[in-house]
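Q: Take this structure first; my questions come after.
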Amino acid sequence: MKDKAYDITIIGGGPIGLFAAFYAGLRGVTVKIIESLSELGGQPAILYPEKMIYDIPAYPSLTGVELTENLIKQLSRFEDRTTICLKEEVLTFDKVKGGFSIRTNKAEHFSKAIIIACGNGAFAPRTLGLESEENFADHNLFYNVHQLDQFAGQKVVICGGGDSAVDWALALEDIAESVTVVHRRDAFRAHEHSVELLKTSTVNLLTPYVPKALKGIGNLAEKLVIQKVKEDEVLELELDSLIVSFGFSTSNKNLKNWNLDYKRSSITVSPLFQTSQEGIFAIGDAAAYNGKVDLIATGFGEAPTAVNQAINYIYPDRDNRVVHSTSLID
């Protein structure tokens, strides 16, 4: 059964998609967000929820979680005209009478216009690649950190040597009972200053070691077995929680099936963010044009233009003059 028609469907529930949905609500149209993950917020919420962001206008600094919470709160003003679909991956969309048919892995949706704000595509964590790892995931094995306080008083082991691994280790030093970092190389890939802080901290550093096995009972991991690189030495580390910080891999395989014009892994757009298909627009990291600057702030600026152009496309005979928000909201 085909879904009811929405004015604008936004593919992607990251910061840019959320702000585009808010602005569409401000303009009085109905909006649907289709997000492939189980939560809104995109990369700031998933990849660096506790890290500080410094380039959002009017905020000297805020975390990825705070940014996401603010955007969701802002959007909630128009919850009566906004529908959110989580854990749905857009496979294809086709032009039909009056708009577009959008097919996901779960359903068929209908929209009069589409705004693509899916960033660099769907992403997933790089895992340890060990047997039984999936059994412990999201119980006491984590690929990203949402709340530091959940590790209070625990023995925490962190695998990884990049910025996130080092930042989490330093942040947990005064919260956890103990913090141990396992890295396959002697040298870390994180910022030099952070590495110096790590080396002078109370964090235990085990290098160069690689994970070999996980031991546990039920859904809880209890020990991580590691082996020294190019040696036979094996250690068993007792733990309460394990954080795997090997980064995330992105995939835009479905994007290539959308029959648009592309520049490398992004969608080519006009100065008004129109793609090669009329009625379909792209913003944020998903959009490519000359002089593009891949910042969240840039995407925030692109969103109103794309929304206004989508409204002009849907309702060409309507008076679509842009009015400031101070005149629209009491």
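For all residues, glycine too, the Cβ spot is worked out from N, Cα and C.
These figures come from a predicted structure and were not determined experimentally.
Annotation comment: Swiss-Prot describes Glu35, Gln43, Tyr48, Val90, Phe123, Asp285, Thr326 as FAD binding site, evidence class sequence analysis.
Quick one: where do these features end up spatially?
A: Same-chain residues at least 6 positions away in sequence with a Cβ under 8 Å from that of Phe123 (FAD binding site) are, in sequence order, Gln43, Ile46, Leu47, Phe248, Ser249, Thr250, Ser251. The secondary structure of Phe123 (FAD binding site), as reduced to three states from DSSP, is extended strand.
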Q: Determine the minimum-neighbour residue: among Gln43, Thr326, listed as binding-site residues, which Cβ has the fewest other Cβ atoms within 10 angstroms?
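A: Among the binding-site residues Gln43, Thr326, the sparsest Cβ neighbourhood within 10 Å belongs to Thr326.
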Q: Could you work out which of the binding-site residues (Glu35, Tyr48, Val90, Asp285) has its C-beta surrounded by the smallest number of other C-beta atoms within 10 A?
A: Tyr48
Q: What whole-number value in Å do you get for the largest C-alpha pair distance within Glu35, Gln43, Tyr48, Val90, Phe123, Asp285, Thr326, the residues recorded as binding FAD?
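A: Output for FAD binders Glu35, Gln43, Tyr48, Val90, Phe123, Asp285, Thr326: max Cα distance 37 Å.
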